[in-house]
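Undergrad: Mind looking over this structure? Questions follow.
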Amino acid sequence: MNVPNHIAIVGAGVIGVTSALAVQQAFPAAEVTIFSEIFSPYTTGDGSAGLWSPFVLENTDPTKILRWSTLTHRWMENFWKKGLAADIGLCLLPLYRVTHASDGYPLPDWASAAYGAYELSDDELESFNKRHKSKYGGAIHFVTYTCESTKLLPWLMEKFKQNNGKIVERKIQCLENLYHEGYDVIINCTGMGSRDLLKDESLVPVRGQVTRVKGPWLFEVMLEEDGDGNYVIPNVDSVILGGTRQKGDFDISIREDDLSSIRNGCERMYPSINKCQELTHWVGLRPVRKEVRLEKETVSYSDSKNLTIIHNYGHGGSGVTLCWGCALDVVHTATTLRN
């Protein structure tokens, strides 16, 4: 196959838009079009905190998580060094991931990409528990980024349009239709939409409900790995309180019992949260499968022509964390089509 001339990206979340930009850079002569019925600020990622820290990835190969998250971390670092933090909602802040498990919290492989990652010593953990009036059995600490999709996505989309990218507001019911419209490569970044689009029943939602509050004195991230999985994640102008991990739950309505458990759990972690003004509540469905699907599929037709589809979906709660690394793998896959 020669260099693709007409490339369709299906999906306009952070996975789709970063894939589109990476493809534009790799194939500057190609016509690249994003198809979606939903755009920022209404994508799943727009409600998230945009935290760089792998989360809800099931059995995805740890070496892939390390590569994708490292490349995305460097991408964010580059924005930071260029002074673009305010433009894309990028923050740098300390983080603690904690567990009640008695066997501690060994550093995961991906932590090597983070700044200064280490497991708290027994003395440090004792001090941490006193400070938070808790009984955690282990914790890791590092400095990380948050990158808010409500600011990042419009900025990336503007770059895409400046590079002559096209945008079509339309729900794609069947990828084959794009083949008949003349696209030689289709990149599927539809997240939970792939469950219906591809009949991929291995893709299940993990429901996440959060509350945004005003708390300018909060400056560190804290995530509990077990129990209700509560977390506190400061953004530029607000703080995200979470959360829920309800697998197989398609309900996107706000639940009062979840509001209570989120508020109570986060106030237990940081008592001063009881003084925070509530701003909004939000529910999103994380697209989770046994592993992230990033691979090529070739579909043959009766006219002896083949349609190449590159799938890039199933990133769980790690869309922002993995986006640029996965986008570069999409480019690598598309580049191999020449041979």
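Each Cβ is built from the backbone N, Cα and C atoms, and glycine gets one as well.
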Undergrad: Same D-dopa site as Tyr231, Gly317 according to TrEMBL: which of Arg255, Arg263, Arg286, Arg289?
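TA: Among Arg255, Arg263, Arg286, Arg289, only Arg286 appears alongside Tyr231, Gly317 as D-dopa-binding in TrEMBL.
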Undergrad: Looking only at DSSP and grouping its letters into three states, which state does Ala49 (FAD binding site) belong to?
TA: coil
Undergrad: Determine which residues of the chain contact the signal peptide (1-20) at the Cβ level, with the cut-off under 8 Å and only residues 6 or more beyond its ends counted.
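TA: Contacts of the signal peptide (1-20) (Cβ under 8 Å, skipping residues fewer than 6 from its ends): 27, 29-36, 38-40, 43-45, 149, 152-153, 156-157, 160, 165, 167, 172, 175, 178, 182-191, 193, 197, 308, 312-313, 315, 319-320, 323-324, 326-327, 330, 334, 337-338.
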Undergrad: Check the Cα-Cα distances from Arg286 (D-dopa binding site) to the binding-site residues Ala49, Leu51, Gly316, Val320 and tell me which is shortest.
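TA: So, of the listed binding-site residues, the one sitting closest to Arg286 (D-dopa binding site) is Gly316.
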Undergrad: List the residues in the vicinity of the D-dopa site, defined as same-chain residues other than Tyr231, Arg286, Gly317 with C-beta within 8 angstroms of the site's C-beta centre.
TA: Ser48, Phe55, Val56, Val206, Gly208, Gly229, Gly242, Gly243, Arg245, Gly316
Undergrad: Tell me the coarse DSSP state (helix, strand, coil) of Ser318 (FAD binding site).
TA: coil
Undergrad: Helix, strand or coil for Arg286 (D-dopa binding site)? Use DSSP.
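TA: SS state of Arg286 (D-dopa binding site) = strand.
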Undergrad: Take the domain 'FAD dependent oxidoreductase' (7-330) and average the pLDDT across it for me.
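TA: The predicted confidence over the domain 'FAD dependent oxidoreductase' (7-330), as a mean pLDDT, is 96.
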